[in-house]
Amino acid sequence: MVKIMPNLPGLYFLQAYPSEEIWRLFVDGRFWSKENGWRGYESREPGCLNAALESLCSIALQVEKSGEEFELSVDLIKRIHKKCGKKVEELQEKNPGELRTDEPVSFGIPAGRASIKGIEEFLSLVFLTEGGAEFGPGKAGPFGPRFDKNYFKNLNPEQIPDLAKQIYFDMCKYGHSNTNHFYLAVMKNVDVYLEKITQSYNKEIKTAETLDEKLKIIVKHIRMYEVLHPFRDANGRTFVNNLLNILLMQQGLPPATFYEPNVFDLYSAEELVVVVKEAIFNTVEIIEQSKRKTPITLYGYHSSLEEQTKFRDMLDSPSYEKIKHMDFSDLNPEKLHLKTQKCLSSLNEQYPLHRGAIYLSDPGEIKLLLSNRNESQINQQIEQGAPPIYVGKTPAHLAVISGNMAMLDELIAKKADLSLQDYDGKTALHYAAECGNMQIMGKILKVVLSQEDAIKVLNIKDNHGKTAFHYAAEFGTPELISALTTTEVIQINEPDNSGSSAITLAYKNHKLKIFDELLNSGADISDELLDAIWARKDKETLGKIIAKNEKILLNKEAFRIAISLGSVSLVKKFLRAGVDIDIPLTKDKATPLMLSINSGNPKLVSYLLKKGANTRLTDTSGNSVLHYVFYSKAENREALANIITEKDKKLINQPNANGNPPLYNAVVVNDLKMATILLEMGARVDFEDRLGNNILHSAMRRCDLPIILDIVKKDSTLLHKRNSERRNPFHQALHEMHTFPSSKETEEIHFMNLSDLLLKEGVDLNKKDIKGKTILDIALSKQYFHLCVKLMKAGAHTNISSPSKFLKNSDANSILERPFKFKNDLKKELDNNPLIAMAQINDLYVQIKNNRIRTPTGYAPKEGVSFFKGKSNDAKAHDEVLSVLKELYDSKLTEMLGNLPGEGLEEIKRSQKFFDGELKLLIKNQDISRKVDKKSIQEAVGTSLKLKW
């Protein structure tokens, strides 16, 4: 056995934590009953529990070193985060162990995870304002929240107390658990602030004398780490589940088991001390119950022997095993327990009835606790700032959540009001239905049904528009449903705020026995339920619904789903019931035949054709049934196309409303096989859509080379044709391509291959599109350097019409007498992109040298030097123009190189590689570059690049 050293005495408690329950340290208590203990959490990110446990234990063992005084460091924090992400696929792309640089990280915070004092302290954190954080009301978006207001902007410290109250009340108006306030974490100097917070902790913890002072310092800094949010993901696991517990164990305290750990953003330090103490108390309870061999039922969840066995089998943490075998004989366990009890003693004074509802089980103790309590105390709802499980709830709510039968009996005896709604709008009946405890439901129903307002109470809706019946359907048992329906006052078809009825919720939550019970009770079948059945591709359930309710055969949505599921037997039933075989089934007026093709079932397609389905109908976009072949899976397309064209060959060249025939669809999905089949069937390639695009305009961007070659063989003139934006197919494809670093090389090779077709066919490379861009302009903007060089060698130019006109209209006097103005005016005629501008300058230089551009206006190319007079003003101005072009080229080159990233070794390597492998190739192929003195050292962002020409 390994002997324990003094750095982390609280490891004694971690060792005592029952192995089969250790997952509770990482899974929020609010999820235990709903998600079957650890299973829901683990299913979202497989491997996360083992990773988090190994991180906690391995770091704890590292901290626990002989003769070494522990001091927190940024390096330790990074190691915790890296270990939390080990073997967790979901986190690998988030760079475990690496800090954010400028990546935005945001999340919503509901009122249930905030307090007035917490918001006040949050707004007072100076580093949030300095670092560019944002906080305020808004709406969630795909790339982060859209703020209606940012409270950090122009924040006046004197206004913070009143502002904090107003913010909390605004959050509550939207709902206790609903989110309408968002936080965008610090964007600048994350590493600097992380180091400052760490040093602040190391300094302050040394000055603390009492355990409460130390606890406050710990939670204050954990809170700062949390709001800094230095990592892209798993910040909670890193700081709350790992670092916090290490710091607690360093003080000789047990690790924390939270009901709701996500309160470290907008709770105050004092409030967080209570939250953490409550979580420590949970750990003590779990350990004590395990020692007494009594079932652990904290927050109403008890894991079965089967679940415990499955978890132990899954458990894989070598460091945890080491801790389980450590020798604690040098420690004084009694002293540790007394220290913990003293720390937690302050909890006894707070929320006695509410805490009793969760933690007391002895009927005698419960009776004594409630003996002298009045009605207001029994029905008290705790206000903001308390541990989250208490806020807004009465003792009755908590007794139901915890499955505390003895407490519920005593509360009922004391006439507790079971119709009171918490801040989420839930009554005790809602929680009984959600927990699925038939005994508790029976007790509450008995009380409620004896009241005059029973109908009203039974149908009370929470903030989500759900009654207790909705929760019973979603989380309960058939027995619960039966108990509620037999009251004969439950509205079984009432929808919640999202439009879901009880039967829909049961189906979505895989409560199939409850679904059957409700179906047999005559529950209505909504379109939303049918959509859920379609999403699950559940033919069996649709068949079950039809068998129970034949009226559904007249429901158009049900027919659409039967078609989409590809079920011939179900479709037959609808047609026999008199449904029109060509009835439009979607808002786009897709027919049953179209949707059957979409489903990819040749048997169903053949059946509908046999029954007389019309092949000539189109949807609102003019798509025929042959167009719909390409909405099906690739493996089904050939069979479907053969069935349809055998019935109606004219569909092969029938265009849709945009002018695109089915061949276009084959090109869009890059299906070489089907494109070849359609071409062999006689598909034409000379069509144009409404924007003048031919088939190659689509093919060149989307398709592999073989399809394009097949089309070009059919008609090579398509390469020349320009659309309404004046682009030929190559030009258009280049314009539409969105370049990404990961695929840039592959994209450029594709265009290099395509350019061979242009050069072979003699396509004009210098036509300008509607925006005045040539092919070379666009290739430069995409930084396809090898393609640019190839095009330049073939005679491609940038668009120099504007600077060329300027030079042709410039006279010698304007050039020679006002050289600075001339240079600036010429610079304005160039493109803003330095790469394109360099190429424009090169084209101007070459054309001037070759006398294709005459500048100044009076310059004659063969003008010589007079022996007596020397060079004329026009000749001098001509030379000045060439000199200015060289200066501008040099400045644009400097600008281009100066913009290259150079912060960090990897960025410097990438910039150097970019220059050596790509940019240098372009520059060396520009004639003017040979006339410019190029530097061997160039300043880039944050570094100097070595340039070897």
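Using N, Cα and C of the backbone, Cβ positions are placed for all residues, glycine too.
Summarising the annotation, Swiss-Prot assigns domain 'Fido' to 155-289 and lists sequence analysis as the type of evidence. Sequence annotations record features per position, and here Swiss-Prot assigns repeat 'ANK 1' to 391-420. For 424-453, the entry in Swiss-Prot reads repeat 'ANK 2'. Residues annotated as repeat 'ANK 3' in Swiss-Prot: 464-494. Per Swiss-Prot, repeat 'ANK 4' is recorded for 498-527. Swiss-Prot lists 554-583 with the feature repeat 'ANK 5'. The repeat 'ANK 6' feature in Swiss-Prot is assigned to 588-617. Positions annotated as repeat 'ANK 7' by Swiss-Prot: 658-687. Positions annotated as repeat 'ANK 8' by Swiss-Prot: 691-720. Annotated repeat 'ANK 9' per Swiss-Prot: 725-767, in sequence order. Look at Swiss-Prot and you will find 771-800 tagged as repeat 'ANK 10'.
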Which numbers of helix, strand and coil residues does DSSP report for the repeat 'ANK 2' (424-453)?
20 helix, 0 strand, 10 coil
Residue distribution over DSSP helix, strand and coil in the repeat 'ANK 5' (554-583):
19 helix, 0 strand, 11 coil
Determine which residues of the chain contact the repeat 'ANK 6' (588-617) at the Cβ level, with the cut-off under 8 Å and only residues 6 or more beyond its ends counted.
559-560, 563-568, 571-572, 575, 581-582, 623-625, 628-629, 631-633, 636, 639-640, 643-644, 647-648, 651
State the non-local partners of the repeat 'ANK 5' (554-583) in its own chain: residues 6+ outside its ends, Cβ under 8 Å from one of its Cβ atoms.
525, 527, 530-531, 533-534, 537-539, 542-543, 545-546, 591-593, 595-596, 598-601, 603-604, 607-608, 611-614, 617
The repeat 'ANK 10' (771-800), counted residue by residue under DSSP: helix, strand, coil:
16 helix, 0 strand, 14 coil
Other parts of the chain folded back onto the repeat 'ANK 4' (498-527), taken as Cβ under 8 Å at six or more residues beyond its ends:
464-465, 469-470, 472-478, 481-482, 485, 492, 533, 541, 544-545, 548-549, 552, 555, 557-558
Same-chain residue ranges lying at least 6 outside the repeat 'ANK 8' (691-720) that approach it to Cβ under 8 Å:
663-664, 667-668, 670, 672, 675-676, 679, 685, 727-730, 732-733, 736-737, 750, 753-754, 757-758, 761, 763-764
I'd like the per-state residue tally for the repeat 'ANK 4' (498-527) from DSSP, helix first, then strand, then coil.
17 helix, 0 strand, 13 coil
Residue distribution over DSSP helix, strand and coil in the repeat 'ANK 3' (464-494):
16 helix, 0 strand, 15 coil
Below 8 angstroms Cβ to Cβ, which residues of this chain, lying six or more residues outside the repeat 'ANK 7' (658-687), approach it?
621-622, 624, 626-627, 629-630, 634, 637-638, 641, 645, 649, 651-652, 694-695, 698-699, 702-704, 706-707, 710-711, 714-715, 718
